[in-house]
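What TrEMBL annotates here:
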type	residues	note
TRANSMEM	44-72	transmembrane segment
TRANSMEM	92-109	transmembrane segment
TRANSMEM	116-138	transmembrane segment
TRANSMEM	158-175	transmembrane segment
TRANSMEM	196-215	transmembrane segment
TRANSMEM	227-249	transmembrane segment
TRANSMEM	353-375	transmembrane segment
TRANSMEM	395-414	transmembrane segment
TRANSMEM	435-455	transmembrane segment
TRANSMEM	515-539	transmembrane segment
TRANSMEM	559-581	transmembrane segment
Amino acid sequence: MVPFVFNVEITQQGKFKGDTEELTLDGSVDWHGRPAIRAKSGRWVAGTIVLLNQGLATLAFFGVGVNLVLFLTRVMGQNNAAAANSVSKWTGTVYIFSLVGAFLSDSYWGRYKTCAIFQVIFVIGLVSLSLSSYLSLIRPKGCGNETIPCGKHSSLEMGMFYLSIYLIALGNGGYQPNIATFGADQFDEEHSKEGYSKVAFFSYFYLALNLGSLFSNTILGYFEDEGLWALGFWVSAGSAFAALVLFLLGTPRYRHFKPSGNPLSRFSQVLVAASRKWRAQMTSNGEDLYVMDENESPTNGNRKILHTGGFKFLDRAAFISPRDLEDQKSGVYNPWRLCPITQVEEVKCILRLLPIWLCTIIYSVVFTQMASLFVEQGAAMKTTISNFRIPPASMSSFDILSVAVFIFFYRRVIDPLVGRLKKKSSRGLTELQRMGIGLVIAVMAMVSAGIVECYRLKYANSGCPHCSGTSSLSIFWQIPQYALIGASEVFMYVGQLEFFNAQTPDGLKSFGSALCMTSISLGNYVSSILVSIVMKISTEDHMPGWIPGNLNRGHLDRFYFLLAILTSIDLVLYIACAKWFKSIQLEGKYEENDMPGSFKV
């Protein structure tokens, strides 16, 4: 039954006037903590504000991130391998901070407050980077382009630079997982129309993210490539400030979910309670498991999770022992001895997600090459058309265009077509199936990049001391590898956002989005380790290695083919994990044969 608020007021004629206002069904509240009224909160009005905020914030972030590898080589004086590793570590740190933001959001602050605070930190970091670049790093004036080298920097100047970029990492990292989930919160998934909009929101969110970076990868990328680094950073700072103001202006319209308390304590209680009863004899039908009354739940009315098989040891935490019965009669409840089955299922949900999450890390290793080795590869190709020079980092625009095209193609063509072909369900591809397709396309992208590198080397001058632009092969031959990465993102990252949001319990939604980002984080760290290992092995016996400072003397193609092989192995493991996975079962939500996380070949 749909709940309503009944408002009564006295008109000028002294008569009573009544109207009904429909409330949301998912437990969301308004700014004042009252049940949210559907017509006056959330939906696409609030969702559009979040999308615009995401676009502006992404423009700001990529205004720094997309050309950071060139800034490190041209301004800070690092070599190619060191710069690629520095970018991987910095990007990885951005996503590690997403766990901090998710924890604070789910536990204490809520998503709105967390987004606002971390956006303020983000703006401070960008302003600090802009000031330090303008006042001290870009010296002599005009340095930092391809021809004029910058001078050495003092320890204080280096410290200010790293403090600034890691403030940016903290601000953006803490904000990103929460803004995705906060945007999805504006749609009531228990309502048929809004539930469909919620699924669509993730595709548009990822599209906004990519369109926001389009300006950074083209216009800003061009100015920064020409040495106008301070200008580019100031534009990023202005964009981040505009995003913050826009976000705050939407405050009266937003829907909110109350934080559910510290999830670490809830997880620990399940493990301790299960360990205490490890010898208990349980029935097979689950009748002796504790189900807490909804009004007594410590997680602010989150929906109940039904009991599932698997991880049976954890069920002992919800087993009602004779001692628990005595405690209940005396009015004593000890959560370290007895946990409700929903709390136990929370832990099971996360444990089931971990193998899928681990399988996404190798994909992130492939994805991170766009910001590092793809840029260095492009810089070693022919980058000029007539007298115009194409900034190597701007080639990622083809990735963004590919994302936009494939989001439209998937939602308008593939998804409806698959839905019609299915016999039992009108649903298209499940999230797990889409993520598997993303891995397949990622393998194709690495093979394409490796083939392009083979031909780049064929037309390169290997004796040149500086490899920039020394191959006659046009940089436009990189388009297929960027386009394939973009297509794989639509299937992998959009599917991943939807999957983790759908499969995490109500009190851990931000944590679900953070899982997506930490897979990118670990992918960057794994990429950094992989590059270091490859360089150590390939430089033995005085060989230049696969990724030397002069790429014309190396074998970057072998590194790309290595990634293709590793991703293929990861795909096999992923299929096995996806077949094993069991979806979350919320009370009264899904039919058994229509689970969103199911994976069938």
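Backbone N, Cα and C atoms are what each Cβ position is placed from, and that goes for glycine too.
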For this session: Check the transmembrane segment (116-138) against each of 44-72, 227-249, 395-414, 515-539, 559-581 and return whichever range has the most CB pairs under 8 Å.
Result: 227-249
Exercise. What parts of the chain pack near the transmembrane segment (44-72), using Cβ distances under 8 Å and only residues at least 6 beyond its ends?
Worked result: 78, 82-84, 86-87, 90-91, 119, 122, 126, 129, 144, 165, 168, 172, 175, 179-180, 182-183, 186-187, 197, 201, 204-205, 208-213, 215-217, 220-221, 224-225, 229, 232-233, 235-237, 239-240, 242-243, 246-247, 249-250, 253-255, 371-372, 375-376, 379, 391-393, 396
Exercise. Relative to the transmembrane segment (515-539), which of 92-109, 158-175, 227-249, 353-375, 395-414 accounts for the most Cβ pairs at distances under 8 Å?
Worked result: 353-375
For this session: Count the Cβ pairs between the transmembrane segment (395-414) and the transmembrane segment (559-581) that lie under 8 angstroms and are 6 or more residues apart in sequence, then report whether there are at least 3.
Result: no
